[in-house]
Amino acid sequence: MIPKEQKGPVMAAMGDLTEPVPTLDLGKKLSVPQDLMMEELSLRNNRGSLLFQKRQRRVQKFTFELAASQRAMLAGSARRKVTGTAESGTVANANGPEGPNYRSELHIFPASPGASLGGPEGAHPAAAPAGCVPSPSALAPGYAEPLKGVPPEKFNHTAISKGYRCPWQEFVSYRDYQSDGRSHTPSPNDYRNFNKTPVPFGGPLVGGTFPRPGTPFIPEPLSGLELLRLRPSFNRVAQGWVRNLPESEEL
């Protein structure tokens, strides 16, 4: 659990989060099951409720510690900017009455002026001036500049073909494979195909074995409308007394 002395300043800093949040009235159908669920999760004799409470405590502890550590880091960075002292990477948490509760330090050693590539004196420069700028050779000696004295690698001249040659080309060019690629297997004379294709409206069967009975053709009797349609029409287009003259450019 979080001590009361540590929780107090954090809750004071996070006062806006502790204010009552306006809740939406979801009605009786939704609010009653939610209240029952929270009541079941607050029980002590249920394994699921115990796991839920343990998780809530863990989340609360993480939230308080995260807020406290962020405030401490901001305060420490502001203090270093004002005073001008650079203690390398020191983070202190001063929320409790006893002072700092925990401390994490990271020391970066700057490179010495006489450090060489991979030399023993440049590997761990313990004593360095305070005003020296840290360099990468302090963390990884030997990688501060490109390696010297190493001959450049020769270019690997690999024969790369200009085109692609299919491995089946020699078989395709053979005289037996110069056809169009279709199967020319001769089918026997008495071969019957039993694969039936669905043909609508009683189409012809592919594998029919017995002849269909012949149906005599009976012409459909003509109806009265058909007889009227076949009657000759004596309607003529009305023509005037003057014969049609072709149009000319003079008109």
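Using N, Cα and C of the backbone, Cβ positions are placed for all residues, glycine too.
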As Swiss-Prot has it, region 'Binding to ACTN2, PPP3CA and TCAP' corresponds, among 50-67, 122-139, to residues 50-67
Take the region 'Binding to ACTN2, PPP3CA and TCAP' (50-67) and count its residues per DSSP category (helix H/G/I, strand E/B, coil), listing them in that order. 18 helix, 0 strand, 0 coil
With Cβ-Cβ distance below 8 Å and at least 6 positions apart along the chain, what are the contacts of S31 (phosphoserine)? List them in sequence order. D25
